[in-house]
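According to TrEMBL, the features are:
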- B:294-305: compositional bias 'Acidic residues' (COMPBIAS)
- B:317-328: compositional bias 'Basic and acidic residues' (COMPBIAS)
- B:119-247: domain 'TFIID subunit TAF5 NTD2' (DOMAIN)
- B:294-346: region 'Disordered' (REGION)
- B:376-417: repeat 'WD' (REPEAT)
- B:449-484: repeat 'WD' (REPEAT)
- B:491-522: repeat 'WD' (REPEAT)
- B:533-574: repeat 'WD' (REPEAT)
- B:575-608: repeat 'WD' (REPEAT)
- B:617-649: repeat 'WD' (REPEAT)
Amino acid sequence: MEPTKMASPKSAPKDAQVMAQILKDMGITEYEPRVINQMLEFAYRYVTTILEDAKIYSSHAKKSSVDADDVRLAIQCRTDQSFTSPPPRDFLLDIARQKNQTPLPLIKPYSGPRLPPDRYCLTAPNYRLKSLQKKVSSSAGRITVPRLSVGAVSSRPSTPTLGTPSAQTVSVSTKVGTPVSLTGQRFTVQIPSSQAAVKSATPTTPTVQNVLINPSLIGPKNILITTNMVSSQNTSNESNPLKRKHEDDDDYDNL
Amino acid sequence: DRQTLVAVLQFLRRSNLRESEEILRREARLLGDDLGAAALSPTGTGLLGTAGGDADSAGENALLSRVTAAATVVIGGTAAAVASSSPGVAAVAAVPPGKGVVEDQPDVSAVLSAYNQQGDPTLYEEYYSGLKHFIECSLDCHRAELSQLFYPLFVHMYLELVYNQHESEAKSFFERFHGDQECYYQDDLRVLSSLTKKEHMKGNETMLDFRTSKFVLRISRDSYQLLKRHLQEKQNNQIWNIVQEHLYIDIFDGMPRSKQQIDAMVGSLAGEAKREANKAKVFFGLLKEPEFDVPLDDEDEEGENEEGKPKKKKPKKDSVGSKSKKQDPNAPPQNRIPLPELKDSDKLDKVMNMKEAARRVRLGPECLPSICFYTFLNAYQGLTAVDITDDSSMIVGGFADSTVRVWSVTPKKLRSVKTAADLSLIDKESDDVLERIMDEKTASELKILYGHSGPVYGTSFSPDRNYLLSCSEDGTVRLWSLQTFTCLVGYKGHNYPVWDTQFSPYGYYFVSGGHDRVARLWATDHYQPLRIFAGHLADVTCTRFHPNSNYIATGSADRTVRLWDVLNGNCVRIFTGHKGPIHSLAFSPNGRFLATGATDGRVLLWDIGHGLMVGELKGHTDTIYALRFSRDGEILASGSMDNTVRLWDAVKAFEDLETDDFTTATGHINLPENSQDLLLGTYMTKSTPVVHLHFTRRNLLLAAGAYSSQ
């Protein structure tokens with residue numbers, strides 16, 4: 001938008017005229033016309049906040065009416081909260097003197113990308129995906145992995161795979177130990193992380209890559225089955241990685 | 001002193017501040033033995049620390065430091081410190097701060113108020129006009145120098161009236177005399193005119209700093225004697241007191257300066273620079289580059305040169321083509337500050353650089369560079385920062401909508417590295433592994449980086465093109481990887497908008513400067529800054545590294561440019577002379593000179609070694625946002641808001657400098673009026689302010705700006 005001169009004074013309300021005069025006094029000659037509205041809004045909001053605070057202070061001090069001291073206190077408290085100003089000069093000189101006394105640290109050679117400790121970086125994953133495994137029906141070998149209790153079906157596909165909490169509730173409710181024979185349909189196996197809490201997250205992360213493709217595969221025909229990882233999880237975990245490799249290949253084929 | 005102490009104790013008892021009274025009694029007994037100011041400052045700073053989180057801390061600190069500065073008020077200092085802790089005691093209740101109440105008491109006000117009442121406020125106008133009359137009647141040669149007094153005196157007297165709550169006197173004082181001040185102080189005066197009450201001064205850090213720091217004036221001895229004699233007459237004693245308290249007069253022996261000379265050097269918020277501020281030794285030479293043969297077949301010959309030499313940066317005694325075996329006396333020792341070692345990719349880069357340098361166009365007044373302008377369209381005034389890599393392959397724009405966008409300038413597209421799974425599948429031994437790790441599916445001309453939560457005010461590529469820095473109004477500096485195009489680190493330290501950031505020419509270090517009036521030096525692997533450069537009175541708007549990475553130049557809104565030493569954080573140079581906030585800095589490639597541009601439309605040239613102004617380039621009519629020297633330092637290009645790029649002859653500007661002892665001792669400068677001779681060309685854009693300038697390795701000038709339709 002082009003900055004234009006202010007709106008003609010005769011059509012603007014008195015407050016707007018005052019604000020335009022203030023801007024002129026402060027030496028601001030070019031501004032968009034909406035600036036006056038924004039400034040007026042700010043002024044209104046600021047004054048009402050201060051007066052509300054002042055009312056609270058005056059009632060706390062059991063005074064009958066709000067007086068100048070209450071307003072002054074309200075302003076002071078709000079200034080510390082919202083309109084903080086940079087630290088004063090002598091404070092800065094002091095901390096500068098302290099910081100500048102330590103010698104510059106030596107640089108370790110051959111240390112790869114020089115980044116702060118991981119805690120201070122933004123490089124950690126901020127999500128945790130459930131690994132979705134595609135099972136192509138037939139091979140009986142796979143069925144030996146004891147899992148399967150059929151969980152909620154239709155509503156699931158619409159939620160993203162980040163819906164960990166709901167998965168957990170589902171698995172809890174259907175924690176039936178009985179293995180169910182597989183149907184010929186394709187289904188995905190969901191390993192809820194609730195069982196082994198966070199620790200299972202790390203073993204599942206290697207499978208994260210294949211999961212990346214899987215969300216798109218959640219179609220209406222897929223039945224999501226939650227596994228009951230009570231006792232056999234440990235054994236199944238070792239056997240799983242091998243088995244998962246095959247499943248991944250199938251996934252790529254079926255894409 | 002004893003009397004004032006007793007008066008203070010009485011007052012405290014009267015106001016029922018028992019504990020404060022006890023503290024003061026105890027301290028007074030301690031200090032009675034040792035009245036040195038040294039004893040005072042530890043107690044002062046100790047109490048300062050406790051009162052640090054206080055609501056009134058800004059005012060108290062100013063109060064405290066002001067009082068400690070004056071020699072006579074040792075006791076007043078402790079009293080003021082106590083007064084600062086008493087508001088802490090009585091904070092929540094609706095009791096006015098201690099100092100407000102104190103001022104009503106005539107017996108203690110003279111000691112405890114930050115501004116001593118120098119006589120009757122209504123007579124201030126008389127004092128000022130008396131001084132004005134005297135100066136106007138003095139001899140011509142002295143008048144210019146003595147006129148320097150007007151502005152600081154005016155401001156300090158006005159602030160004193162405001163601080164002591166004589167609002168009407170302050171207003172009439174301002175009305176009467178503000179028109180007499182120099183035109184370049186008009187912006188400051190406008191800010192002052194809005195400060196009419198004491199409460200307005202709280203939170204305005206710049207004004208508080210101005211009150212507490214001494215304004216420096218440089219006056220010749222003759223003029224000074226004249227002034228002193230006049231002011232020490234009885235009726236003018238008040239002004240003499242004010243001069244002594246708030247001004248620092250740096251006296252030199254020699255001819256008084258002419259108005260022109262003075263005008264060139266004044267303008268900053270703190271006056272000029274004291275002569276000893278610019279006396280420290282500065283290593284402005286360049287670091288030795290490691291020697292390479294420009295090889296015909298790359299890898300082998302380099303291997304031969306460096307076999308058996310673990311430290312790559314040692315100057316090789318038997319290297320071919322090494323010109324100067326002696327150490328440049330002006331260059332810093334190689335290991336003065338730790339610098340990262342050269343990696344293989346850096347060495348390849350340097351070889352490329354040298355090959356390109358061989359094909360570089362020699363610029364000069366007869367051979368001007370071609371200018372290629374990159375216009376950002378549809379930016380809607382949102383383009384706030386631009387940077388171009390050293391080999392001119394990528395350009396980055398920082399925008400007001402908090403995005404950072406990276407474009408590839410060459411036909412080669414931007415690719416990110418493959419994911420971990422795919423990387424495990426590639427053949428790591430193949431020759432073109434560096435191409436294989438790139439994921440072709442992600443190739444595109446433009447990459448957008450999201451992460452900041454405020455407009456991005458500064459961007460900087462790392463020299464090895466692996467990293468990108470961006471600093472923003474949200475107070476953070478972010479490090480982005482240009483291989484994965486994701487954000488790696490957010491450096492939090494400034495809690496206020498950060499106006500500029502730059503990588504060191506050797507990588508690893510970077511500097512940032514912001515609204516909190518400090519510049520910070522960081523290293524990419526430390527989450528806290530390594531150095532803090534504090535000293536400016538107003539925001540730090542521009543930060544640049546010296547080519548040898550040992551010094552940092554900062555330009556500020558207080559109209560000074562300071563040069564800081566990275567090793568110990570000291571300020572080694574202060575350059576005053578600009579009349580507006582400084583927005584661009586450029587070091588010459590040989591490291592000896594610094595060019596600065598500001599909102600006043602002038603480019604000033606400084607000799608770093610001697611600490612003097614050596615040139616002034618007039619021509620631009622609006623803020624200069626971009627300055628760059630050509631690769632060999634022959635041409636200085638400047639780009640400005642007035643939609644032009646101007647080229648100046650740098651060789652001529654820096655030749656035959658008069659650096660005789662007279663000049664350096666007194667700091668007199670005689671700037672030749674040769675801006676017109678030095679101007680080699682003015683190139684206008686349609687209506688695009690120039691935001692960035694960059695000389696490619698072959699001396700083609702690239703410029704960047706956003707099209708703005710008015």
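In case you wondered, yes, glycine gets a Cβ from its N, Cα and C as well.
Under 8 Å from some Cβ of the repeat 'WD' (B:575-608) lie the Cβ atoms of residues 184, 187, 264-268, 270-273, 282, 284-286, 538-539, 541-548, 553, 555-563, 614-629, 631-633, 636, 638, 640, 642, 648, 650, 653-654, 657, 659, all in the same chain and six or more residues away from its ends. Using a Cβ-Cβ cut-off under 8 Å and counting only residues 6 or more beyond its ends in the same chain, the repeat 'WD' (B:617-649) has close neighbours at 357, 360, 362-365, 368-369, 371, 580, 583-590, 595-599, 601-605, 675, 677-695, 697, 699, 701, 703, 705.
On the 0 to 100 pLDDT scale, the repeat 'WD' (B:376-417) averages 93 in this prediction. Per-class residue totals from DSSP over the repeat 'WD' (B:575-608), listed helix then strand then coil: 0 helix, 19 strand, 15 coil.
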